[in-house]
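J.: I'd like to ask some things about the structure below.
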């Protein structure tokens, strides 16, 4: 009987060995759980601004924010932006702007983004110019100061210590970047040729990477970095450069090619950075493709008039007067208001997207299909 038991046991040894081998060979990314980011830190321009520029200067006028918040919150949309949907996907609150000193809660992160921000240091800034003084380098400096101050507040204790991130959140958080659009726009409206704007891209990307490195050196490890969208589909470009050659869908072809070149160089630089920063999980997020698909097949998503801004007044693209601004026509004050149903439009104000469009783009980048490496949002803490 003992002999037979030994025979039976020996028959099972190969199977046990096989199971152990399979478990050992399986890549860790498939064996581990989804990322549970306790906080988000955001850097960039208007696409991810939740009120930074508004805190420093003034909020965009009504009807900005009308769809979801029913008031202007400093977001450049009729409602929520992609960053809001990302936060909610992790059951985190909407991010408070770093610059907002009243009513802010930084327990689960902070937003350093500011509408009108650039990667390169701008020459013409608000209030006299059009660009934000809070370039990416300034946002990095603000983040560095934020870390320093949270340590001080944490040591002091008290009620304010309950409104800041825990110390280990900085290394466990998701770091989101969405910037670069304004660097390209400066060239377009600065009378540069397409070739001249393209020539500035390598320098812009190099500065981008340097700032990402700086933030990595402060403890950031999980990076979710958006490329830029199709600039040539924006009504503000179509209206100001009417002679631009259009593609078959109506977008300004050469301006989109600049966006694609920027994305190519950024993706290339991030691949190199990924190989150099062994502790970092760096995901390049292709925003261009899902945004462009809205213009190539608007009916699929329930949109109409893809190149006409929902909020504005006058002209072919409804941006003769900016959203929320007013104009006197024959003694009558006309306020540039919202279209009847923003959920049927892609573009909100000539530049920025509606909440409806933002939600669709979010749902597509969420899966990782458009990302490099192809990692979904809930796996963005892992290297692949």
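Using the three backbone atoms N, Cα and C, a Cβ is placed for every residue, glycine included.
Okay, these came from Swiss-Prot:
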type: SIGNAL; residues: 1-31; note: signal peptide
type: ACT_SITE; residues: 46; note: active site, nucleophile
type: CARBOHYD; residues: 105; note: N-linked glycosylation site
type: CARBOHYD; residues: 191; note: N-linked glycosylation site
type: CARBOHYD; residues: 198; note: N-linked glycosylation site
type: CARBOHYD; residues: 276; note: N-linked glycosylation site
type: CARBOHYD; residues: 330; note: N-linked glycosylation site
type: ACT_SITE; residues: 349; note: active site
type: ACT_SITE; residues: 352; note: active site
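Help me picture where these features are in the structure shown.
T.: According to DSSP, residue 46 (active site, nucleophile) sits within a helical segment.
Classification of residue 105 (N-linked glycosylation site) by DSSP places it in coil, neither helical nor stranded.
Taking all protein chains in view, 7 other C-beta atoms sit within 10 angstroms of the C-beta of residue 191 (N-linked glycosylation site).
For residue 198 (N-linked glycosylation site), applying a Cβ distance below 8 Å and a minimum sequence separation of six or more within one chain yields 258, 261.
Long-range Cβ contacts of residue 276 (N-linked glycosylation site) within its own chain (separation 6+, distance under 8 Å) are none. Residue 276 (N-linked glycosylation site) falls within a helical segment according to DSSP.
Under DSSP, residue 330 (N-linked glycosylation site) is assigned to coil, being neither helix nor strand in the three-state scheme. The number of other Cβ atoms within 10 Å of the Cβ belonging to residue 330 (N-linked glycosylation site), over all protein chains shown, comes to 5.
Take the CB of residue 349 (active site) and look out to 10 A: across all protein chains shown you find 26 other CB atoms.
In the three-state DSSP classification, residue 352 (active site) falls within coil.
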J.: Determine, using Cα-Cα distances only, which of these recorded positions is closest to residue 330 (N-linked glycosylation site): 46, 191, 349, 352.
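T.: Closest by Cα: 349.
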J.: Fewest other Cβ atoms within 10 Å: which of the recorded positions 46, 105 wins that one? Let me know.
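T.: Fewest other Cβ atoms within 10 Å, among the recorded positions 46, 105, is found for 105.
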J.: Reported as an integer number of Å, what is the Cα distance between residue 191 (N-linked glycosylation site) and residue 352 (active site)?
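T.: Between the Cα atoms of residue 191 (N-linked glycosylation site) and residue 352 (active site), the distance comes to 23 Å.
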J.: Rounded to a whole number, how many Å is the Cα of residue 349 (active site) away from the Cα of residue 46 (active site, nucleophile)?
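T.: Between the Cα atoms of residue 349 (active site) and residue 46 (active site, nucleophile), the distance comes to 12 Å.
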